[in-house]
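Written out below as structure tokens is the structure these notes cover.
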Amino acid sequence: GRKVNHRECFGFIIITFKFYSKCSKLSLSHTRIMSATGGKNSITWGRTVEEKQRSSSFNLTKGKSIRQQITFSERRFDVKTLPADLHRVYKKLKADFGEDYALTFVFIFRTGMELHRAWHMTLLTSKILQQLKDKFNMRMTWELGVIKLKFRVEDGGYELHRKVPYDYDSEFQDLYMKIAVAFLDGHITIHQALLFQSETKHGKHTAKSGLFLRDFPGRLVLYPLEAATCAVIFFGGDWYDAGVAAITGLAAGLVEYLLTTIGGSAKGLIDISVGVTTGLIAGLFYVYGGQQTCLPAVFLGTLYWFFYGTAFVLGILEIVSGELETGVVRFMAVAVKTFVLTLGTVFGMQIAMSNPVDAWQDQDGNCGNIDLDVQWWRIPLYVACSASALGQYRFPISEYWRGLAVQVVGYEVQYRLFKRFALTHDKDLLDTACSNLVGAVAAVVFASMLSSVVDRLGYYYYARVLQRHKGKFSTFGEFMFTLSVMYIRFCNWIGFGNNNDMVYLAMTKKLQQQSEELNDENNMRSEIRLTEEEEVVLLEAVVQAEDLNIWALLMPTVYQLVPGSLIAKLWFNAVFPPPLESEMKTIDGSDLTYSSVKPDQAESAVFQALMVVAASLALGLLVGFGVVEYGTLFLKEIFCCFDKVAATSSGKPDSVRSIINRKQSRKNFHFTSNEDDPDSDSDGEADGIVVTEHEYTPDEEDGIILKTLIGEGKPGTSHLVKKDKISVTNGDLDAMQPTTKKNTQKNS
């Protein structure tokens with residue numbers, strides 16, 4: 001609230017120069033700092049608002065990105081499209097606290113629900129919701145269960161419940177996270193954020209190839225591919241078994257398509273119906289195909305699509321992380337769901353054959369006929385299997401190379417270490433535990449490195465097309481920009497890319513010309529306006545410029561490593577007990593022999609193996625993110641001096657440092673909230689509202705720092721709650737004394 005004197009300006013310039021000269025290579029996305037901007041309640045470094053307003057239009061727009069130069073149309077989110085209960089809460093909040101506060105609650109509510117629907121990690125979802133809550137001072141809490149969600153606002157004054165089924169959706173995990181981050185960092189407004197969510201829901205920001213695989217009937221092509229490849233690469237089948245699994249996989253997909261189309265209570269019959277269909281068709285092939293079918297490979301390969309092994313690992317991870325209720329419920333739910341699939345398969349076998357027990361145990365000569373260690377096509381086959389898994393996860397096809405790279409790294413580390421440790425640990429499960437733990441760690445570390453590299457290389461493309469960088473890049477930067485443009489054009493040429501990217505590329509020349517005209521003192525242009533369709537495409541580019549959601553990239557890899565098939569094998573052993581091992585022994589000192597029988601240790605230890613694999617994978621994820629977090633911190637301490645800058649900005653919730661900290665925090669599982677267990681002896685203003693000097697978000701595009709006075713618990717420049725519910729507008733706030741630090745008013 002005061003002018004900055006010359007000594008402070010000089011000191012700030014020196015610190016900034018030292019910091020960015022040492023850190024520019026590590027933080028390319030944060031070098032666009034300290035260009036001019038203005039607003040009614042804002043100041044810029046060393047310049048007052050009045051001086052800013054007297055500047056020419058040339059000075060007002062020079063250095064801004066294209067997003068900040070455009071005059072957007074008054075597109076507003078239609079609250080009438082909200083569900084009835086959410087709309088009622090919105091109207092109450094709007095009447096009490098203003099439209100911005102009410103819309104922000106709606107946005108947080110929808111973000112949590114859609115991330116949960118896309119099966120985003122619960123702890124990571126809570127983390128982004130907490131960041132939104134803290135940034136906009138929302139008085140709300142939530143509970144994210146396995147299926148049931150609860151959202152409370154105004155200390156429980158309003159509570160909304162949802163029962164949200166979840167399914168694999170990496171694309172929506174990434175998009176909804178990017179929308180939240182773009183709104184959090186001030187790159188889009190609340191209306192733009194809500195409209196973008198609605199457009200995403202209706203597929204306006206998904207490529208046509210993604211829409212084809214997103215839902216039936218196009219999704220049917222994935223079922224036989226995943227069933228056939230899994231039967232060979234994971235479960236000991238041969239090419240004949242792969243053919244049978246492809247047929248049963250297609251049949252299972254058709255059954256799910258039919259019951260999903262019928263809807264209602266028919267959806268509850270999907271698991272049992274899929275199991276019966278799989279058991280029946282595979283049983284017929286076994287009976288009439290010369291009894292040469294490896295039934296375990298066909299069953300497990302076909303049902304791999306329906307096994308929620310990922311949920312098993314995440315349940316253990318949630319238990320370890322303190323989310324006991326959610327973790328235990330998820331753990332039990334996946335076990336029961338898998339048992340229903342298994343029981344349905346057994347029923348199908350019973351229909352097709354007279355003695356299903358003998359058929360299940362007839363594995364000698366039928367299973368394990370291919371030695372994968374000596375086959376050159378082992379990795380290509382795994383890549384094909386992983387591609388089908390990415391399709392199941394609705395991963396954008398143009399980005400398959402990222403997912404496949406992480407999957408291959410995790411698989412190869414796990415596979416090689418298991419073969420290595422198996423030589424010395426043939427009587428225990430340490431080989432399984434070590435290989436899975438290290439494989440998960442390797443996947444997390446590689447995914448984090450790949451994400452960081454791609455984000456930094458992608459900076460050149462978005463900095464140019466969004467005009468966040470003026471002038472030419474270095475030779476390397478120009479090469480990366482050209483490469484990005486060529487990749488976008490190639491993906492669209494083969495039909496896998498998003499056509500909106502091509503539309504925006506075609507817009508860039510026009511936007512560049514209009515921007516130059518706007519910045520030309522001799523030109524009459526006073527604003528840049530776009531059509532509604534062009535605005536949608538521009539905002540998509542702004543949202544896509546945010547960093548990749550690391551969990552959306554990593555979760556398909558976890559899916560390929562998790563033991564969903566082990567859960568099914570456990571239940572198959574419960575229905576078909578494994579035969580006892582028989583051994584003939586000679587009595588010492590005589591020629592007499594006797595027969596000794598004992599349980600097959602390998603077949604009977606399925607539950608132990610399941611727990612070892614699941615727990616080691618969960619720990620591997622935790623250790624992997626810990627390695628990334630503390631390894632990054634260690635490298636920064638060595639190569640970068642953050643101490644002075646951190647000291648000047650660590651206390652500001654919306655400083656550049658806080659934005660970077662929030663960004664890093666979203667990449668690990670650790671989530672704690674002081675509000676869950678507050679200190680009863682704290683000195684907080686429990687009954688009042690504290691008016692504080694709040695430093696707004698510096699825009700990563702040009703380093704804007706806005707200052708305004710807001711009430712704790714209200715978003716941005718909205719309202720203060722007083723007992724008589726008098727709202728305070730921007731103009732009223734501007735007239736207030738800027739040196740006021742506290743102004744306590746009791747809640748109504």
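If you go along the chain as it appears here, the first residue is 1 and each next one adds 1.
A Cβ is built for glycine as well, from the same backbone N, Cα and C atoms used for every other residue.
Because TrEMBL annotations are produced automatically, they should be read as predictions rather than curated entries.
What TrEMBL says about this protein:
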{"type": "TRANSMEM", "residues": "220-237", "note": "transmembrane segment"}
{"type": "DOMAIN", "residues": "227-351", "note": "domain 'Threonine/serine exporter-like N-terminal'"}
{"type": "TRANSMEM", "residues": "243-262", "note": "transmembrane segment"}
{"type": "TRANSMEM", "residues": "269-289", "note": "transmembrane segment"}
{"type": "TRANSMEM", "residues": "295-317", "note": "transmembrane segment"}
{"type": "TRANSMEM", "residues": "329-352", "note": "transmembrane segment"}
{"type": "TRANSMEM", "residues": "437-454", "note": "transmembrane segment"}
{"type": "TRANSMEM", "residues": "475-496", "note": "transmembrane segment"}
{"type": "TRANSMEM", "residues": "605-628", "note": "transmembrane segment"}
{"type": "REGION", "residues": "667-686", "note": "region 'Disordered'"}
{"type": "COMPBIAS", "residues": "674-686", "note": "compositional bias 'Acidic residues'"}
{"type": "REGION", "residues": "712-748", "note": "region 'Disordered'"}
{"type": "COMPBIAS", "residues": "737-748", "note": "compositional bias 'Polar residues'"}
The transmembrane segment (243-262) vs the transmembrane segment (437-454): three or more C-beta pairs under 8 Å (separation of 6 or more)?
no
The correct DSSP tally for the domain 'Threonine/serine exporter-like N-terminal' (227-351) reads 105 helix, 0 strand, 20 coil
Please determine whether the transmembrane segment (269-289) and the transmembrane segment (329-352) are in contact (criterion: at least three Cβ-Cβ distances under 8 Å, sequence separation 6 or more).
yes
Result, the transmembrane segment (605-628) in contact with the transmembrane segment (295-317) (3+ CB pairs under 8 Å)
yes
